[in-house]
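A.B. asks: Before anything else, here's the structure in question.
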Amino acid sequence: MRVVIGVLALQGAVSEHIKMVTACGVTPRSVKTQADLKGLDGLTIPGGESTTIRKLLVREQMLEPLKKLVQQGFPVFGTCAGLVLLAQPDLLNGLKGTVVRNGFGRQRESFETELTVKGWSKPYHGIFIRAPYLSEVQQPAEALVTLADGRIVAAQQNHVLVTSFHPELTGDTRFHRYFVEKMI
Ligand code: GLN
């Protein structure tokens, strides 16, 4: 069966996600309208500016349909701004936790660091750009990457995966592969 993964293409790092999805051996589809959501096996929501993406989702009348899909168990992977959209209760409400937007302050607005991912033997190179984090998550959400100071920067709740950082800006397909192979 052909697996088709959508990449929300309203704003942000769209082409990078398309490359990653393609590298995982599945068919990507850029998603710009409500109709594009039909028949997908999953969706990735890129980094960008969550306020802008939210406004465009409302303009395209996609916020409610997408929220409904997420509540029904549709697999979604959100990076950075995508995390904000997925974890905010008034937006897509797909993961239980508390989001701190632009949570790393001015000096560290952008930084890179090696991350330990729960259950993975090799570290993952995290690229953070004005990144949010989760100060806590609640069951059934689970933290996958927690920094030494307790900030949660990757988490999963059943079919919803979020990272504060940008796997699509690395050449390391493990997060996308995990999404495609374990969550679809
Ligand atoms: N700070 C942005 C937001 O809150 C996210 C930044 C990003 O996606 N690189 O939407």
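Note: Cβ is positioned from N, Cα and C throughout, glycine not excepted.
What TrEMBL shows for this protein is this:
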{"type": "ACT_SITE", "residues": "C80", "note": "active site, nucleophile"}
{"type": "ACT_SITE", "residues": "H166", "note": "active site, charge relay system"}
{"type": "ACT_SITE", "residues": "E168", "note": "active site, charge relay system"}
{"type": "BINDING", "residues": "G48, E49, S50, R101, I129, R130", "note": "L-glutamine binding site"}
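Could you tell me the structural context for the features on the list?
C.D. replies: In this structure, C80 (active site, nucleophile) belongs to neither helix nor strand by DSSP; it is coil. Residue density at C80 (active site, nucleophile): 29 other Cβ atoms are found within 10 A of its Cβ, drawing on all protein chains shown.
Cβ contacts within 10 Å of H166 (active site, charge relay system), excluding its own Cβ and spanning all protein chains shown: 23. DSSP gives H166 (active site, charge relay system) a coil state; it is part of no helix or strand.
Counting every protein chain shown, the Cβ of E168 (active site, charge relay system) has 28 other Cβ atoms within 10 Å.
In three-state terms derived from DSSP, S50 (L-glutamine binding site) belongs to a helical segment. Long-range Cβ proximity for S50 (L-glutamine binding site), meaning a same-chain Cβ under 8 A and a gap of 6 or more residues, is found for A81, G82, V84, L85, L91, R101, P132.
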A.B. asks: List every residue in the same chain as I129 (L-glutamine binding site), at least 6 positions away in sequence, whose Cβ is under 8 Å from its Cβ.
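C.D. replies: Same-chain residues close to I129 (L-glutamine binding site) (Cβ under 8 Å, separated by 6 or more) are G47, C80, E109, S110, H166.
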A.B. asks: For E168 (active site, charge relay system), which of the binding-site residues G48, E49, R130 has the nearest Cα in space?
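C.D. replies: Going through G48, E49, R130 one by one, the closest to E168 (active site, charge relay system) is G48.
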A.B. asks: List the recorded positions E49, S50, R101, H166, E168 whose Cβ sits under 6 Å from any atom of ligand 1, in sequence order.
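C.D. replies: The qualifying recorded positions are E49, S50, R101.
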A.B. asks: Near R130 (L-glutamine binding site), which residues of its chain come within a Cβ-Cβ distance under 8 Å, counting only those 6 or more away in sequence?
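C.D. replies: Result: C80, N102, F104, E109, S110.
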A.B. asks: So if I measure Cβ to Cβ from G48 (L-glutamine binding site) and keep only same-chain residues at least 6 apart in sequence, which ones fall under 8 Å?
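C.D. replies: Listed in sequence order, they are L10, Q11, G12, A13, C80, A81.
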